[in-house]
Amino acid sequence: MLNRRAFLASTAAIGLAASVGPAFAADAPQLEIFVPAAPGGGWDQTARTMDQVLRTDKLISGSQITNVGGAGGTVGLPQFVSRYKGKGNTLMVGGMVMVGAIIANKSAVKLDQVTPIARLTGEFEALVVPAASPFKTVADFIAALKEDPTKVPVAGGSAGGSDHILFGLMAKTAGVDPTKISYVPFAGGGEALAALLGNQVAGGISGYGEFSEQVKAGTLRVLAVSSDKRQEGIDAPTLKESGIDVELFNWRGVFAPPDVSDEDKAAMVKMMEDMTKSAAWAEECKNRQWTSIPLTGEAYETFLKEDIARIEGILKDLGLA
Amino acid sequence: MDTLAQLAHGFSVAFSPVNLLWCLLGTTLGTAIGVLPGLGPALTIALLLPITYQVAPEASFILFAGIYYGAMYGGSTTSILLNTPGESATIVTALEGNKMARSGRGGAALATSAIGSFVAGTIGTLGVAFLAPVVVKFALSFGPAEYFSLMVLAFITVSAVLGSSAVRGLSSLFVGFVIGMIGVDLQTGQPRFTFGLTELLDGVDVIIAAVGLFAVGETLYVASRRYAGKDEIVPLKGSLYMTAQEWARSWKAWIRGAFIGFPIGAMPAGGAEIPTFLSYAVEKKLSKHKEEFGTVGAIEGVAGPEAANNASAAGVLVPMLTLGLPTSATAAIMLSAFQSYGINPGPLLFTTQGNLVWGLIASLFIANVILVILNLPLIGLWVKLLKIPAPQLYAGILVFSTVGTYGISQSPIDLVVLYLLGAVGFLMRRFDFPTAPVIIGMILGPLAEAQFRRAMTISNGDWTVFFTHPLSLTLLILAFLGLLGPHIWGYIERRRLKGQEAVPGDA
């Protein structure tokens, strides 16, 4: 999928870096990873990190990563389904964003057509306000929201994405009509952050990692995080503790093609279980501020069904589906 | 001076032989990928991300910075010679640059763009080193209302490329709006004009549109007039490099371009395209050779936008290094490279990672020098491209455009869009509609729309935000003056002259 020149260039550069690839383990399989997004994003990084960790732990001999980006993964998904049907040792990276995109884009191919293997990581979200904001707690924020939702503009990522979904869920739980909320979508985390730092909006919702350095520097204040429990090093309660019964992880996981044999499926589940237990994986997650939330087998399938239903519900409430 | 001492230390990091080698590799690679339409610096750096597992942080950032700056240089080469912009920031360069190339001044166009890039890149890098905290404060005062007013100001630039007829020019602009609207609406998540095609949900890439309209359209047009004996390319007239007069016309444009490009590049939603538009409009307005614009090609129209685009590339690094804000695709990927080293870019980066940041800034200076040394001798070689007989040359352009477009996302739909727009471009050429406003509409239309709707959401539907915010008001007044000022001035001037004539013998 690489352009030839880029490929040559990158191999040349890697060669120059004097890297010697890890020794090939004779019996380790070759893995194919399909990324339904352009290089550089979260899914792509997940794939490349998986490749790195699996090779370090000699669970695979190497992997081929294919990127087919676009429309929240809904361009790549149908290609994955048709091209890799029944093929073992093949994984597609996906996650909550794809669930939302399938619903919002009315994609003909859905996640129930692929084989869920494992949930790997998640990024919990944070509700932040500029340092100068009068809101000190979630209660302050919700009180203002209840009084007049249009006066509390909140910045985040694209419409219908995880940030918008969380804001909708929060409003709904607090008894505010989700169609009335004032959500200001930005193309990227950077732009939303700039709007917050420039005091253009009342608050912001995004993955905590987007805000962490600003919080450390004291320019933003975290009101709450969307994880199940308090996080080490973050001086903020969870939404649940603040009286808003919402928990949300922007999760990422892997899927196998349709119609894979039970053996192949079991092998891939095993590989993912081994990977998520490894020290190298823990180290990468720490560096990248990913929370490891492994879930495999039936538990993952149940979780997936529930999450799809929840997201579909809130997108309908927000008027997006 | 604290900054100077740190910069000196940065140079000591960047001047190690290994890091110089990385810088050379990055700039060469960057120039190469800049030449290819489709393969941009963001994608290249993303594909090179795995090397962060192998080499020291300083080395990989020096490599990435080299690629980033190099791509800005390389993108202009194909714009000028082949009318095939390699990057969206070099689309404006094609307007005058290609005209110059056709009238035998391609060497001068390439030279002014290389030297202008060097001058502006250096000014921009100085800005990153010394002004970053000030500039970022100014940039953050821009909210959606201010951005919208900036877009209004940028729309004035359309008048600079309208061509002979305002109706035709504005029609082209509106075609651009429609193409720009294709895809998922950011504010509501609903698809618009996608005809049920998933591939169109992300919109039409502006590079594909530019290559389709300019390069493919041009090729079809030339093919249709093959035996009409018109539209001849003069490979080289006069000196290969710039003449004294061309130097005199270029240097002010470089400086002005740099001062337009750097602050806008530093704005979180500024981008690299808007400063090139603004610089082009300014140069056209100030030029003493207006008759050369759009005919034989005016060198100011190349020098200014090229300088603006390189200065904005430096500007993008300001919010990235001072706040950890990625404001372009390339910056976002560089940030993820920081993360794979466990470094979290943010407001404390300058203090916690001084070595890295100052090494990076120093290597930007070095990259600039390497790039100008690398590019100037290449000009002689590049200009030879124009000596290729027209059939082969244009066939080559078609192949090049097709391969480059397919490289963007490997999507066959993109190729259909490319050739559809090529046909549109041909018809527009044939019936004398300017194509540049289409691109301006495509870039500015969606941006203006998004900022307008954001401003409205935040103000809860209150229209006055555009006038009550001082910065926004200032920009609107500038736009108003830019649009109506020349007419009013001209009117006063005519009245004055008439007045003098009316009283003969009074002098």
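We count from 1, first residue shown onward.
Placement of Cβ uses the backbone N, Cα and C atoms for every residue, glycine included.
Outside the transmembrane segment (B:6-25), and at least 6 residues removed from its termini, the chain residues within Cβ reach (under 8 Å) are 58-60, 62-63, 65-66, 129, 354-355, 357-363, 365-367, 370. The transmembrane segment annotation in TrEMBL covers B:6-25 (among others).
Positions annotated as domain 'DUF112' by TrEMBL: B:20-440.
For the transmembrane segment (B:32-53), same-chain residues at least 6 beyond its ends with a Cβ under 8 Å from one of its own Cβ atoms are 60, 63-64, 67-68, 70-78, 84-87, 207, 211, 328-330, 332-334, 336-337, 340-341, 400-401, 403-408. Residues or ranges marked as transmembrane segment by TrEMBL: B:32-53 (among others).
Long-range contacts of the transmembrane segment (B:59-82) within the same chain, counting only residues at least 6 positions beyond its ends with a Cβ under 8 Å from a Cβ of the stretch, are 14, 18-19, 22-35, 37, 40-41, 44-45, 48, 51-52, 89-91, 93-94, 97-98, 100-101, 106, 109-110, 113-114, 117, 121, 215, 302, 306, 309-310, 313, 330, 334, 337, 356, 359-360, 363-364, 367-368, 370-371, 375, 382-383, 385-386, 397, 400. The transmembrane segment annotation in TrEMBL covers B:59-82 (among others).
Outside the transmembrane segment (B:108-132) by six or more residues, the chain places 3, 7, 69, 72-73, 76-77, 80-81, 93, 96-97, 100-101, 239, 241-243, 246, 250-251, 253-255, 257-259, 261-262, 265-266, 297, 299, 302-304, 306-315, 317-318, 321-322, 361, 364-365, 368-369, 371-372, 375-376, 379, 382-383 with a CB less than 8 A from a CB of the stretch. If you look up TrEMBL, you'll see B:108-132 (among others) marked as transmembrane segment.
The transmembrane segment annotation in TrEMBL covers B:138-162 (among others). A Cβ distance under 8 Å defines the sequence-distant neighbours of the transmembrane segment (B:138-162), meaning residues of its chain 6+ beyond its ends; these are 95, 168-170, 173, 263-264, 266-270, 274, 277-278, 280-281, 284-285, 293-294, 318-319, 434, 436-437, 440-441, 444, 447-448, 451-452, 454-455, 458-459, 465-466, 469, 471-473, 475-476, 478-479, 482-483.
Taking Cβ pairs closer than 8 Å, the transmembrane segment (B:169-186) reaches residues 158-159, 161-163, 192-194, 200-204, 209, 421, 424, 428, 433-443, 445-446, 449-450 in its own chain, all 6 or more past its ends. The transmembrane segment annotation in TrEMBL covers B:169-186 (among others).
Residues or ranges marked as transmembrane segment by TrEMBL: B:206-223 (among others).
Sequence-distant contacts of the transmembrane segment (B:316-338), counting only residues of its own chain at least 6 positions beyond either end whose CB sits under 8 Å from a CB of the stretch, comprise 40-42, 45-46, 49, 52, 57, 60-61, 64, 68, 127-128, 131-133, 135-136, 139, 265-272, 344-347, 349-350, 357, 360, 364. Sequence annotations record features per position, and here TrEMBL assigns transmembrane segment to B:316-338 (among others).
What TrEMBL lists as transmembrane segment is B:358-383 (among others).
Under 8 Å from some Cβ of the transmembrane segment (B:395-421) lie the Cβ atoms of residues 36-39, 78, 82-84, 86, 179, 197, 199-200, 204-205, 207-209, 211-213, 215-219, 388, all in the same chain and six or more residues away from its ends. Among the features that TrEMBL reports, transmembrane segment is placed at B:395-421 (among others).
The annotation transmembrane segment is assigned in TrEMBL to B:471-492 (among others). With a threshold of 8 Å between CB atoms, the same-chain residues lying at least 6 positions outside the transmembrane segment (B:471-492) that come near it are 141-142, 145-146, 148-150, 152-153, 155-156, 159, 281, 285, 465.
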